[in-house]
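**Q** Annotation comment: Swiss-Prot describes His114, His118, Asp301 as Fe cation binding site, evidence class sequence analysis. Swiss-Prot lists Leu136, Val137, Ser138, Gly139, Gly140, Asp169, Gly182, Asp186, Asn275 with the feature substrate binding site, giving sequence analysis as the kind of evidence.
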Amino acid sequence: MKDRYILAFETSCDETSVAVLKNDDELLSNVIASQIESHKRFGGVVPEVASRHHVEVITACIEEALAEAGITEEDVTAVAVTYGPGLVGALLVGLSAAKTFAWAHGLPLIPVNHMAGHLMAAQSVEPLEFPLLALLVSGGHTELVYVSEAGDYKIVGETRDDAVGEAYDKVGRVMGLTYPAGREIDELAHQGQDIYDFPRAMIKEDNLEFSFSGLKSAFINLYHNAEQKGESLSTEDLCASFQAAVMDILMAKTKKALEKYPVKTLVVAGGVAANKGLRERLAAEITDVKVIIPPLRLCGDNAGMIAYASVSEWNKENFAGWDLNAKPSLAFDTME
C-alpha cells in the first residue's frame, strides 16, 4: 500500500508551523518559526505583527518541512490546515498557503479545528481509545471535551471568562515577568509557598464551568494594594498561591467531569499542559483512568498536531472546497 504524506499548516496565532505526517502516526517533520521575541515588548500578541511574520517565513517553513521529511512536493498526498479558532489575519496566511499548495498539485484540502489539533496531539504518545475526555488548557481556551470517536467532539464544560493561559499572562504582566509568563510563574511557584488566600470560583458548584477572572482580579488587587502601601510581597509565594488556586479549579472540574462521563482515558492538552505543577497534580490525583499528555514539543501551537487531527478527517473524506475561509471564533460544534 502506498504511503500517505499529509502536509499540515498551523498559523492561528504567533507560531508559523508546517509539518509532514507519514500515514497515521509517523511525524517526519514539524518546523516551527516562533515570533515570541517580536511580541515580548508589547506584553502580548499584536495581530498585525503576527500576520506579517507569517507571510515572511511560511515559504521557508514549507521548504524546510519537506526537506526534513525527506520528500518532495510531488510525494504529498493531502494538505491539512487550521481554519479556526484564532486571529483572522494569521489564519488567512496559512489558509492561503495551504490552498495554493493543494490547488497547484491537485490535492485534497483537509480543514482542521485548532483545538482538535491540541487534543489529537495525544495520538503521538499512543493510539487513543474512545470514548475519552479531554481537558484543553491554553492561552485562549479552557474546555472539557467529550470525544465519542475520532473527529466527534462535544464541549461539556468551558470557562465563563478568562482562559487559564490568559490569566497566567495577565498576572505575569502585573509582576513584570516576560511574556508569555506561564513557564516563569510555574518555575517560581515551585520555589514558594501557598500562603496567600486566593478565590477558587465555582469550585463547589455542580457544573463543569470554569472562571478565572475573580482569581486574576484578587491577585492584581493584592499586588497593587501592597505597592501602594510600600509593602514587600514574595514573588515566589505569590506565584505558588496563584498556581495552587488555578490547579485546584482545574482538578475539581476535571474530577467532576470524570464522574459524569465514565471513560478510561483523560487527555490533557494545550500550551498549559506543559505546566509542571499541572502534571504533578494529575499524576497524584487522577489514578483511576489513563492520563495522556502530549510531549512538551507538541503542547504549544504546532502543525504536527494539525496533521494528527487531520487523519480522522481524511478517513471520513471530509475535504474542504477552495472557498474555505478563516473562522476566528470556530467552536467544536460548528466544524465543517
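Glycine too: its Cβ is placed from the backbone N, Cα and C atoms.
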**Q** Run through Leu136, Ser138, Gly140 for me and report the binding-site residues whose CA is within 10 Å of the CA of His118 (Fe cation binding site), in sequence order.
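**A** Among Leu136, Ser138, Gly140, the ones whose Cα sits within 10 Å of that of His118 (Fe cation binding site) are Leu136, Ser138.
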**Q** Could you check what DSSP calls Asp301 (Fe cation binding site) once collapsed to helix, strand or coil?
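**A** The residue in question, Asp301 (Fe cation binding site), is coil (DSSP, three-state).
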**Q** Under 8 Å between C-beta atoms and at least six apart in sequence, can you list the same-chain neighbours of Gly140 (substrate binding site), or say none if there are none?
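**A** The answer is Cys13, Pro85, Gly86, Ala163, Gly165, Glu166.
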**Q** List the residues of the same chain that sit at least 6 positions away from Gly182 (substrate binding site) in sequence and have their Cβ under 8 Å from its Cβ, in sequence order, or write 'none'.
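**A** Those within reach of Gly182 (substrate binding site), by Cβ under 8 Å and sequence separation of 6 or more, are Gly165, Tyr168, Asp169, Gly172, Gly271, Val272, Ala274, Asn275.
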**Q** Who sits close to Asp301 (Fe cation binding site): which same-chain residues at least 6 apart have their Cβ under 8 Å from its Cβ?
**A** Glu10, Ser12, Cys13, Asp14, Glu15, Ser17, Ile32, His114, Gly271
**Q** Counting other Cβ atoms within 10 Å, pick out the least crowded of the binding-site residues His114, His118.
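**A** So among His114, His118, the binding-site residues given, the one with the fewest Cβ atoms within 10 Å is His114.
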**Q** Identify which of the binding-site residues Ser138, Asn275 has its Cβ surrounded by the largest number of other Cβ atoms within 10 Å, counting every protein chain shown.
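**A** Output for this query is Asn275.
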**Q** Within 8 Å of the Cβ centroid of the Fe cation site residues His114, His118, Asp301, which other residues of the same chain have their Cβ?
**A** Glu10, Ser12, Thr82, Met115, Gly117, Ser138, Gly270, Asn302, Met305, Ile306
**Q** May I ask you to report the DSSP-based helix, strand or coil state of His114 (Fe cation binding site)?
**A** helix
**Q** Check the DSSP secondary structure of Gly140 (substrate binding site), expressed as helix, strand or coil.
**A** coil
**Q** Report the same-chain neighbours of Leu136 (substrate binding site): residues 6+ apart in sequence with Cβ closer than 8 Å to its Cβ, ordered by sequence.
**A** Met115, His118, Leu119, Thr142, Glu143, Leu144, Val145, Ala269, Gly270
